[in-house]
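Colleague: As listed in Swiss-Prot for this protein:
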- Gln19, His116, Asn159, Glu160, Asn297, Ser428, Trp429, Lys435, Tyr437: D-galactose 6-phosphate binding site (BINDING)
- Glu160: active site, proton donor (ACT_SITE)
- Glu375: active site, nucleophile (ACT_SITE)
Amino acid sequence: MTKTLPKDFIFGGATAAYQAEGATHTDGKGPVAWDKYLEDNYWYTAEPASDFYNRYPVDLKLSEEFGVNGIRISIAWSRIFPTGKGEVNPKGVEYYHNLFAECHKRHVEPFVTLHHFDTPEALHSNGDFLNRENIEHFVNYAELCFKEFSEVNYWTTFNEIGPIGDGQYLVGKFPPGIQYDLAKVFQSHHNMMVSHARAVKLFKDSGYSGEIGVVHALPTKYPFDANNPDDVRAAELEDIIHNKFILDATYLGKYSDKTMEGVNHILEVNGGELDLREEDFVALDAAKDLNDFLGINYYMSDWMQAFDGETEIIHNGKGEKGSSKYQIKGVGRRKAPVDVPKTDWDWIIFPQGLYDQIMRVKADYPNYKKIYITENGLGYKDEFVDNTVYDDGRIDYVKKHLEVISDAISDGTNVKGYFMWSLMDVFSWSNGYEKRYGLFYVDFETQERYPKKSAYWYKKVAETQVIE
């Protein structure tokens, strides 16, 4: 049976400032930790990225032509405050006014994120969100943006608090490149959630028009053997690290007893302690019912086996299938069923996981109000032929995920839109320029854009709301 989506559904494309803009030092932009970190550790940098800083009119014109009626954009904090605080950079402010005006001219609704992995270097080197002073700097930055950019109707505080803590302090693939420090992971999650809560409360108390929410990456976690209680426990603990701790903070305003029992077990095995203060919970509680929407970024699921050996995580950054490894002492190890497909980067393709995650949010956090799927897509080493890419694998991936969204809506959840990652090809934080996701192919040498086969398919779905 052919499935459909609602008439008012947003068919969007997603971007992020650092991955798309380029122009990393242009017009007074301050440095971010990634600038030096990529130079020192990877085979690519954020120059030129997709040159969105200059070419956004082209991308927005393409969006209009191809039925994309929403775009996720992030503001580069260091374009507004080059050192994260103090003097405002007027050229940065002017740039985003121009960008948002172009969005509205092209009838593409901007969903604007304040922080997408790019804390200004001055604050990052001073502890990033482990340093509570930076909570204040973030709230001040948020307040300036709310006041200044009144043309924005949809605000997101943070993109993927989970993967930030994970990338910075567990896997170590994000600056500062620390590995296996689970106390820092949870503290980063917590402090960022307090920052989110305070910004949301400020937005509502100040009476700004528009909506505000947060974007969480929610990879679904399953036990490898559902009949083995140790595997079930491993999946629960892994879910706490990546999902439940953050969702509790967002919608309960506290951490449930079950969540804290899991956190305490993880820290008992791996060391470290948390600084959770009474005023933090006052802030979390005050914001828990104020979120207008939840953004869910979903790419993959994981299956977990019990594991008590030594922690070891190997990140597959170059698309060498089977080279990744993930095992955490006292938590578990990832072990996928043999029949579940994977990408070259070992990302598991499992649309059912998105359905299960949406239904989980509805069941566990009934005050969620509404959901946007704010990122979903397939990274590929695209082959450019005949001035396009015949990306049938990507079409199939997106189609199957749209179908389970349709199912979730039929089953009583309020899902209002979908943003494909990514609108055009951008560079990937820890995989470089080889891993492409876009609807529009970017020749990074010439910065020319070419619609892929998926763009024509997506246009038809957006026009008809019929998934076929």
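Glycine is no exception: its Cβ is also placed from the backbone N, Cα and C atoms.
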Colleague: How big is the gap, in Å, between the Cα of Trp429 (D-galactose 6-phosphate binding site) and that of the residue listed as 'active site, proton donor', rounded to a whole number?
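Modeller: So the alpha carbons of Trp429 (D-galactose 6-phosphate binding site) and the residue listed as 'active site, proton donor' sit roughly 13 Å from each other.
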Colleague: List the Cα distance (Å, whole number) between Tyr437 (D-galactose 6-phosphate binding site) and the residue listed as 'active site, nucleophile'.
Modeller: 11
Colleague: How big is the Cα-to-Cα gap, in Å, between Gln19 (D-galactose 6-phosphate binding site) and Glu160 (active site, proton donor)?
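Modeller: Roughly 15 Å, rounded to the nearest whole number.
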Colleague: What does DSSP say about Asn297 (D-galactose 6-phosphate binding site): helix, strand or coil?
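Modeller: Its secondary structure by DSSP: strand.
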Colleague: Could you give the Cα-Cα distance between the residue listed as 'active site, nucleophile' and Asn297 (D-galactose 6-phosphate binding site), in whole Å?
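Modeller: Rounded to the nearest whole number, the Cα-Cα distance is 4 Å.
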Colleague: State the three-class DSSP label for the residue listed as 'active site, proton donor', counting H, G and I as helix, E and B as strand, and everything else as coil.
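Modeller: Note: the residue listed as 'active site, proton donor' is coil by DSSP, not helix or strand.
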Colleague: Please report how many Å separate the Cα atom of Glu160 (active site, proton donor) from that of Asn297 (D-galactose 6-phosphate binding site), as a whole number.
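Modeller: So the alpha carbons of Glu160 (active site, proton donor) and Asn297 (D-galactose 6-phosphate binding site) sit roughly 8 Å from each other.
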Colleague: Give me the largest Cα to Cα distance among Gln19, His116, Asn159, Glu160, Asn297, Ser428, Trp429, Lys435, Tyr437, the residues the record lists as binding D-galactose 6-phosphate, in Å as a whole number.
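Modeller: Site span for D-galactose 6-phosphate, by Cα atoms: 20 Å.
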Colleague: Cβ atoms within 10 Å, counted per site: which of Trp429, Tyr437 has the most, among these binding-site residues?
Modeller: Tyr437
Colleague: Tell me, by DSSP, whether Tyr437 (D-galactose 6-phosphate binding site) is helix, strand or coil?
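Modeller: Once the DSSP labels are grouped into three classes, Tyr437 (D-galactose 6-phosphate binding site) ends up as coil.
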Colleague: According to DSSP, folded down to helix, strand and coil, what is the residue listed as 'active site, nucleophile'?
Modeller: strand
